[in-house]
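Participant: Structure below; questions to follow.
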Amino acid sequence: MTYREDDDSVVSEWSIRIGDRNGDYAVLRNSNACEIEEFGGADPPPSPRKRRPVSWWLKMALSVVFAVAIGVVFVVWAGPFLLKKEVIPILDWEMRTFSPQVLGLLLFASLVIFPSILLPSTPTMWVAGIAFGYGYGFLLILPGMCLGMSLPYFIGSMCYHRLHMWLEKWPKQAALMRLAGEGNWFHQFRAVVLLRISPFPFIIFNYAAVATNVKYGPYIFGSAFGVIPEIFVTIYSGILIRNLADATQGFQSFTTPQIIYNVLGFLATLAATVAITIYAKRYLKKLQDEEVPLLQ
């Protein structure tokens, strides 16, 4: 309350302090006249880092132990059973029925068609790796995947407005995908690469990418570059499946160095995949945080 001597009246006084995240703030006071004070450059006090509780670490440790136990059970019991009953008969039938040229053509066609009908391409890449190895398998898979990612893009351009309506129902996924349509050619290329590396639904992005206004050039080059790690990981796992299948049938035996090499190779591949995925997710989050102030 403020007392004024000239008219013996009491005037209410209020003040409001408005601040932003940069530490700048303004103080507004209301008496008979409005006063505005502005201050800037005040750094906010550093917030202490929050330590995770012990219960969180216990849950993480139990989750890791549980995952390792499931992996051991699968490798020791379920894996050989599935290889013997399902994988080996299918692989043998394909090798006996088709010549290498026909098999390569069928694999290439499936890589082109499967993404358009929302089917995964991983089994096809496994067979390509088993049948043709790293070199020819890679040269077969990459062009097929590029065509397979191009068809949904052009199909999606004919359903542009419907895809926009679909994106409105999934705002979190839409916010990530819209990063691909922002900025110049390189920015779009980088965003597409990160989306391909990250655990974002592969098939969904094939169709919805056109709704983000990303150009076809950065879309296809970014997609081709982003799927290269997945191709080599899938080829490696396919060859490992073939070796395990031969071992379960008695056609091949692993020496101790070969077992150690395969185990270390699998763990290194898994660790590299996880590291690249985490990096891609963090960088996407960084790009998303940079875009938010521009839109406000």
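Backbone N, Cα and C atoms are what each Cβ position is placed from, and that goes for glycine too.
TrEMBL lists these features:
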- 56-78: transmembrane segment (TRANSMEM)
- 98-119: transmembrane segment (TRANSMEM)
- 119-239: domain 'VTT' (DOMAIN)
- 131-155: transmembrane segment (TRANSMEM)
- 185-207: transmembrane segment (TRANSMEM)
- 219-239: transmembrane segment (TRANSMEM)
- 259-280: transmembrane segment (TRANSMEM)
Participant: Could you tell me the mean pLDDT the prediction assigns to the domain 'VTT' (119-239)?
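Facilitator: Its mean pLDDT is 83.
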Participant: What does the DSSP secondary structure composition of the domain 'VTT' (119-239) look like, as residue counts for helix, strand and coil?
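Facilitator: Final tally across the stretch: 104 helix, 0 strand, 17 coil.
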